[in-house]
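If you look up TrEMBL, you'll see B:24-82 marked as domain 'RNA polymerase sigma-70 region 2'. Here TrEMBL flags B:115-165 as domain 'RNA polymerase sigma factor 70 region 4 type 2'. Annotation source TrEMBL lists domain 'DUF6596' at B:184-279.
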Amino acid sequence: MKYLMLVCTDPDYTPGQDDGAPDVEDWVTEMDGKGIRLMGNRTRPASDATTVRVRDRQVLLTDGPYAETKDQIAGFDILECADLDEAIDVASRHPMAWAGMIELRPFWPDDEDQ
Amino acid sequence: MTRVTAQVTDRIAGIYADGWSRIVAAMIRFTGGNWDLAEECAQDAFAQALQKWPVSGVPDQPLAWLTTTARHRAIDRIRRASTEAAKLREVAAMDLEPPPYPSDSEIPDERLELMFTCCHPSLSLDAQVALTLRSLAGMSTAEIARAFLVPERTMGQRLFRAKQKVAHAGIPFRVPPPHLLPDRLPAVLHVLYLVFNEGYGDPRRARLCQEAIRLARVLTALMPDEPEAHGLLALMLLHNARRSARVDAGGNLVTLDEQDRTLWDQAQIAEGALICERALRQRRAGPFQLQAAIAACHATAPVAAQTDWPQIVGLYGQLARLAPSVIVDLNRAVAVGMADGPDAALPLVDAIVGTGQLDGYYLLHATRADLLQRAGRGPEAAGSYRRALDLAPTDAERRFLRNRLELC
């Protein structure tokens, strides 16, 4: 199963809680090596985001992120895992699970309609 | 209905109570995680049994008959749906040969997998409870909705969403591997205890207590080496044994020391105490085992005055170390008050009051009031009773407190 792993910051996080957090380079090397991480990247902060909407056939642009996402999304990875337990294990070993939070979203396969 | 039909119907009801969850669990595995199909086919199998068995008689291996019938039904359904491209993958994953007719004892028991799937921590606690009652206890959506005092539609949606999430998020149908078990087993135990407590407070919902106990029995049979599972079973048996003495004819709560002990179910107490003792002998004490041991101290005392309070104090001390909570501290203070007198307990209660954590909890003030009263400090006790009265959640509790206040 494919999962989108959204790597997010946590506004309530206070530094020091992530003592012992794993190293991100190690994480990437291990997950790439196992074929679990298909791709991934950091994203530029919200101040560099542009939001696109089309209303009445007019393209409307807004500087910054869609309001509710604030500055939370810091990056993403695409994972290929056997099941949710494996995805949880992979996510819990990412340093941002310690200093921020990670959301796992299963892909919606093309051939499933419901 | 003829007598034979009535007998067969009763028999099927009995088989349903025990067999529903086994058939659903087997069907979830058989259909590769198609929860709705699994339940529909299990339902169909019981419907066919209701039609056929009054005529043909109950087969020697009823569970095998039901499982085989449910499997044939699933194969039919998927074959019919397989013209849709979307279903091809499911068909490919399935063995479409008609399954051999097994005997009851040969049917693999997949209920443990089902328990862990229903109680997966990625589901909300509400969803975990609802799925457990639907899939393992075989309760209808309407019954679960009634038990939790929500509209049937709401419960239906909650169940629907939970099953969808299991399928779509890739929640595995399995017992977690050993390294995850310490994190996951407590969730299963917690859900069963929650189900029990939902039923404990209300006689109309007594069935929830029976179901929680039945499921805990299944759990202990399937996981004999997990002492906390035995501890939970023991705890529920010991509480349930005292059920009928908890409320008097007028619907008033009766405190433990004033309960009519002849109403207690001695067989259930003996069983609970024995299970608890055996679990503790494994020397891996956990919160449920300790609470069961405390309940056993209460339940095995022939009269309230002979309760082994010093042992209860010790057990609460252990519980406070394993699962620290201010409620445990309060209960320990009550036990100290019984073992060593109110003057020994009052500093402990005052320390809890000092933290401010339980300020809105009526039992804190009621406990303090009781200790002050017994210490001969009537006017102070009255003040604490009044505070408790303001906070008490039910009429029964307010009546109880008002009676005590009058004695100050």
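Note: Cβ is positioned from N, Cα and C throughout, glycine not excepted.
Note that TrEMBL annotation is computational and uncurated.
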What average pLDDT does the predicted model assign to the domain 'RNA polymerase sigma-70 region 2' (B:24-82)?
91
Run through the domain 'RNA polymerase sigma-70 region 2' (B:24-82) and tell me, per DSSP, how many residues are helix, strand and coil.
49 helix, 0 strand, 10 coil
Within the domain 'RNA polymerase sigma factor 70 region 4 type 2' (B:115-165), count helix residues (DSSP H, G, I), strand residues (E, B) and coil residues, in that order.
37 helix, 0 strand, 14 coil
For the domain 'DUF6596' (B:184-279), DSSP counts of helix, strand and coil?
74 helix, 2 strand, 20 coil
